[in-house]
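What follows is a set of notes on a single structure, which appears directly below.
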Amino acid sequence: SCLCGSAPCLLCGCCPSAKNSTISRLLFTFFLFLGTLVSIIMIIPGVEKELHKLPGFCEGSGSVLGVQTNVDCSSFLGHKAVYRMGFAMAAFFCLFAVLMVCVRSSKDPRAALQNGFWFFKFLVLVGITVGAFYIPDGAFTSVWFYFGVVGSFLFILIQLVLLIDLAHSWSQRWLRNADEGNAKGWYAALCTITFIFYAASIAAVVLLYVYYTKPEGCTEGKAFISINLILCLIVSVVSILPKIQEAQPHSGLLQASLITLYTIYVTWSALANVPTQHCNPTLLLRNSTGSATATEPLTTWWDAPSIVGLVIFILCTLFISLRSSDHPQVNKLMLTEESGAGAGAGQDGTAEEGGVRRAYDNEQDGVSYNYTFFHLCLLLAALYIMMTLTNWYRPDESLQVLRSPWTAVWVKICSSWAGLLLYLWTLVAPLVLPDRDFS
C-alpha cells in the first residue's frame with residue numbers, strides 16, 4: 001500500500017498507481033522536509049517568548065495545578081537546536097545508508113526496511129532527535145559546524161551535477177523539438193531564455209560590485225567577483241567553440257548561461273558571509289536565540305541568499321527523489337539506472353485485488369537507484385539545510401554569540417570554482433578522451 005507496507009491504508013484509494021521505489025524516495029524526502037520545518041520553527045525569533053506565555057510549559061512561566069516545570073525552553077531553540085536537529089537527520093540517513101549497502105533487488109530482506117515500516121522509521125527519527133538534545137554542549141556545536149561545512153560543500157557539488165544535467169536535457173529537448181516542428185519558434189525561445197539568464201547574471205554582478213565592494217578596501221570581494229566573472233566568460237566561450245560543437249552538437253550557451261547564473265548566486269552567498277561590516281551590509285552578529293547583539297543594527301533574520309538557497313534545496317531534493325536522467329554518464333555519476341530495473345515485474349500488482357494495490361514492486365530484478373547513495377545525498381542535504389538556516393554562522397566557545405567565519409566564504413567560493421571546472425570537463429571530455437562514449 002502507499003504508506004503502511006503490508007498493512008491496509010485508507011489513503012491508498014486516493015493514491016495514483018506508482019512504483020514502490022518512487023514512493024520510498026518521496027517519503028524519505030518528506031522526513032527531511034519535516035525535520036527542516038521543525039528547524040525553521042526552532043530558529044524563528046520570538047518563539048521562546050511565545051512559549052513562555054504558556055503556563056507551566058517553560059521554566060519560570062508559572063505553574064499548572066501547583067506543578068512547576070523545570071524545562072529550559074532556550075535549550076531547544078536557536079542555532080544550538082538547529083545544529084542538533086541537523087545532527088539527528090544526518091544520523092538517521094547515515095544509519096540507513098549503512099544498512100542498505102549492497103542491496104541489489106527487492107528480494108533482499110533489507111529492501112523491506114527501505115520500502116516499508118514507515119511508522120517505525122518515524123519513531124526511530126523521533127528517538128534520535130530526542131537523544132540529540134541530550135548531547136552535552138561542550139565542543140559539540142563547534143565541531144559539528146565543520147562537519148556541516150564539508151557536507152554542504154559536497155551537496156553544492158551535487159546541485160551543480162543536477163543543474164548541468166537539467167541544462168543539457170533542456171537544450172537537447174528544445175533542439176529536438178526545433179528539428180521536428182516550428183524551428184524558428186523553438187530557436188527564438190532558446191535565445192530568449194539564454195538572454196534572460198545572461199542579463200540576470202550581468203545585473204547581479206553589477207549589484208555585487210555596488211553593495212559588497214568599496215572604492216577602498218574589500219579586496220577579497222573584488223577578487224572573488226572578478227575571478228568568477230572571468231571563469232564564467234571562459235566556459236561560455238568554450239561551449240561554442242567549433243571543436244566542442246563538433247564533439248557535442250547539443251552543447252551551447254543555454255547550459256553556460258544557467259551555470260553562470262548559479263555561479264553568480266554562489267558568489268553572492270559567499271559575499272554575504274564576509275565577516276567585515278564595511279564590505280558586507282547584511283552582516284549581523286547574533287546570539288544563540290537569534291536576537292541581535294546590542295552593538296549591532298537589527299536586520300531581517302534570513303537574508304536573501306538564505307531564502308534562495310532554501311528554495312534551491314527543496315527543488316534539488318525533490319529532483320533527487322524523482323529523477324532518472326536521459327544521459328547514461330549522468331546516471332553513472334548519480335548511481336541511478338536509466339530506467340527502473342525490472343519495471344515491468346510488478347505491473348500485474350496494480351491489477352490485483354480489483355486494482356486496490358496502488359504501489360507495485362518494480363525492483364524484483366534489480367534496484368532502480370542506489371539505496372546507499374540516495375541516503376548519503378539526503379545526509380548531505382540535511383547538513384546543507386542546517387548551515388543555510390544558521391547562515392553558516394559559527395558559535396563561539398560560550399555558545400552565546402555566532403559570527404560569520406571566513407571558512408564559510410572560502411567553502412562557497414571553492415565550490416563555485418569546482419562546479420565551473422566540472423562543467424568545463426563535461427565540455428572538453430570528448431576531446432580529451434576520444435575513445436569513450438559521451439553520447
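Even glycines carry a Cβ here, placed using N, Cα and C.
Here the transmembrane segment (26-47) has long-range neighbours at 3, 76-79, 81-82, 85-86, 88-89, 92-93, 96, 118, 121-122, 125, 129, 289-291, 301, 314, 317-318, 320-322, 374-375, 378, 381-382, 385-386, 389-390, meaning same-chain residues at least 6 beyond its ends whose C-beta is under 8 angstroms from one of its own. TrEMBL lists 26-47 (among others) with the feature transmembrane segment.
Among the features that TrEMBL reports, transmembrane segment is placed at 81-103 (among others). Remote same-chain partners of the transmembrane segment (81-103), defined as residues 6 or more beyond its termini with a Cβ less than 8 Å from a stretch Cβ, comprise 28, 31-32, 35, 38-39, 42-43, 75, 110-111, 113-114, 124-125, 128-129, 131-133, 135, 140-141, 144-145, 147-148, 151, 367, 371-372, 375-376, 378-379, 382-383, 385-386, 389-390.
According to TrEMBL, the transmembrane segment annotation covers 115-135 (among others).
With a threshold of 8 Å between CB atoms, the same-chain residues lying at least 6 positions outside the transmembrane segment (141-164) that come near it are 79-80, 83, 86-87, 90, 255, 258-259, 262, 266, 312, 316, 319-320, 323, 330, 333-334, 377, 379-384, 386-388, 392, 394-395, 397, 399, 407-408, 411-412, 414-415, 418-419, 422-423, 426. Annotated transmembrane segment per TrEMBL: 141-164 (among others), in sequence order.
Annotated transmembrane segment per TrEMBL: 185-211 (among others), in sequence order. The list of residues near the transmembrane segment (185-211) in space but at least 6 beyond its ends in sequence, with Cβ under 8 angstroms from a Cβ of it, reads 171, 174-175, 177-178, 221-222, 225, 229, 232, 252-254, 257-258, 260-261, 264-265, 267-268, 271, 281.
Residues or ranges marked as transmembrane segment in TrEMBL: 223-241 (among others). For the transmembrane segment (223-241), the list of distant contacts is 201, 205, 208-209, 212-213, 251-253, 255-257, 259-260, 263-264, 267, 270-271, 413, 416-417, 420, 423-424, 427-428: same-chain residues at least six beyond its ends, Cβ to Cβ under 8 Å.
Taken from TrEMBL, the feature transmembrane segment covers 253-271 (among others). Remote same-chain residues near the transmembrane segment (253-271) are listed as 156, 159-160, 163-164, 166-168, 170-171, 174, 190, 193-194, 197-198, 200-201, 204-205, 208, 212, 221, 224-225, 228, 231-232, 235-236, 239-240, 279-280, 305, 308-309, 312, 408-410, 412-413, 415-416, 419-420, 423 (criterion: CB distance under 8 Å, separation of at least six residues from the stretch ends).
Summarising the annotation, TrEMBL assigns transmembrane segment to 304-322 (among others). Long-range neighbours of the transmembrane segment (304-322) within the same chain, counting only residues 6 or more positions beyond its ends whose Cβ lies under 8 Å from a Cβ of the stretch, are 22, 25-26, 28-29, 32-33, 158-159, 162, 166, 265, 268-269, 272, 282, 374, 377-378, 381, 384-385, 388-389, 391.
What TrEMBL records for 367-389 (among others) is transmembrane segment.
Annotation source TrEMBL lists transmembrane segment at 409-433 (among others).
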